[in-house]
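Below is one structure, written out as structure tokens; comments come after it.
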Amino acid sequence: MWRVYLSFLMLFKITLSNPTPKISVLQPYVDNPAVKLLQEYIQIDTSREENIECAVNFWKRQAADLGLPFMVYRPSGKPICVITWTGANPKLPSIILNSHIDVVPVDEQEWTYPPFSGYIDKNGNMYGRGTQDTKSVALHYLEAIRKLKEDNVTLQRTLHITLMPDEETGGFNGMVPFVETEEFRALNPGFIFDEGLSYPDGTLYATYQDKRAWQLNLTIHGAGGHGSSFPDGSAMQKVQQLMDITTKFREQQKQIMVSRDVNDFGSYTTINMNIIKGGVVPNIIPSRVTVVIDMRLAVTAEVHEVEALIQSWIAQVGNETELSFIRKIDVSEATILDDTNPYWVAVVDAVKEMDMKIMPIVCPATSDMVILRNRGYPAIGFAYRPYTVPLLHAADEYLNVATFLKGIEVYAIILKKVGNIL
């Protein structure tokens, strides 16, 4: 695997000097069965809820191909898939390999290539929604297990691949109810891997704590009327006032960000106004406008202080403004990553064996891990995506196929180490 990766790096250098290499040079990578599986998974448009069942069938086939048990649970109606590779000592706490099936929607006009095609360009970059967030991670789990089985490796601990249906919308029909079930407890979780970051350098990163997501739904009322008039206190005037207030706070937090280390995501709160809805027809001034704001709180932010801050914004805009929360996470526990955590020690040892470094950081966003950690389960977010432009939720999301293939080897080495802790 390492030789394959080095060969691809040599190919990449050739590509830079010759921008039109023959497709036959890339063919071994394009034809790799693991790459084809990732393409097939990307081609299932799971931004659409009706396609989640297609992904369930995809995973059922993969489990059957490896001869592994496959279960589907529906604690709130939506499917949760579990693939199990039983260890030699199944009484030991298991290793959970969590990922999510769903992806965020796309604006196809912003993409260079069709976002659900898995198109591979001349540089070996596969484009598609989910290549980074986070279908590649799920395939890394699967292919690492395949490699370990083919190498006749026996792990002491059981590995469970778990696949959630709705992480992108908060996990309310996925991890939130699943973690409360007897079926989840029967998995006997000892340690959990979940989605990680893309990063432009060669250091590996492990997230040990998520930022807290607060998603505000604000309904702003104001004077309506004919589109030719100038009513005072219109809803849109108040929206503009809210934008000015929140933009000032945003700039304050951005200054904290630029003053800190580039990876110190936990030191500041992000805030973005992502949805504005209002109006019926062009010639009526709307009397009601809805605004959705997405905040990810700094690790040190106090809940009561942020609540008071939001109330001060509402007071400035007008007391008729209605506030509800789409999502509000007040607590986000951290997993301790030091010598007292044998799972972390095993991860670090495995990374050292590969002559790499791994750095613990706070996740800049929020994942299913916040649900797990808040219930006492240790978890890290990890992904092998070095030298990759972070494009999670963005247009032209991609992953280089050589990086993807090397990631299989990396996961296999880590899982072999962690799965044999006694």
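Positions of Cβ are set from backbone N, Cα and C atoms, glycine also.
Marked as signal peptide by TrEMBL: 1-17. Per TrEMBL, the feature Zn(2+) 1 binding site maps to His100, Asp133, Glu195. Summarising the annotation, TrEMBL assigns active site to Asp102. What TrEMBL records for Asp133, Glu168, His393 is Zn(2+) 2 binding site. The active site, proton acceptor annotation in TrEMBL covers Glu167. Feature annotation from TrEMBL assigns domain 'Peptidase M20 dimerisation' to 213-320.
Mapped onto this structure are the features recorded in TrEMBL.
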residue	record	contacts (Cβ under 8 Å, 6+ apart)
His100	Zn(2+) 1 binding site	Thr134, Leu163, Met164, Pro165, Asp166, Glu167, Glu168, Gly174, Glu195, Asp368
Asp102	active site	Thr46, Ser47, Glu49, Ile52, Met164, Pro165, Asp166, Glu167, Glu168, Thr169
Asp133	Zn(2+) 1 binding site	Val103, Val104, Glu195, Leu392, His393, Glu397
Helix-strand-coil residue split for the domain 'Peptidase M20 dimerisation' (213-320), DSSP-based: 43 helix, 32 strand, 33 coil
His100, Asp133, Glu195 excluded, remaining Cβ within 8 Å of their centroid (Zn(2+) 1): Ser99, Val103, Gly130, Thr134, Lys135, Val137, Glu167, Glu168, Asp194, Ser367
Residue among recorded positions Glu167, Glu168, Glu195 with least C-beta crowding, 10 angstrom cut-off: Glu168
Other residues, Cβ within 8 Å of Asp133, Glu168, His393 Cβ centroid (Zn(2+) 2 site): Val103, Val104, Thr134, Leu392
For the residue listed as 'active site, proton acceptor': DSSP state (helix, strand, coil): helix
PLDDT averaged over the residues of the domain 'Peptidase M20 dimerisation' (213-320): 97
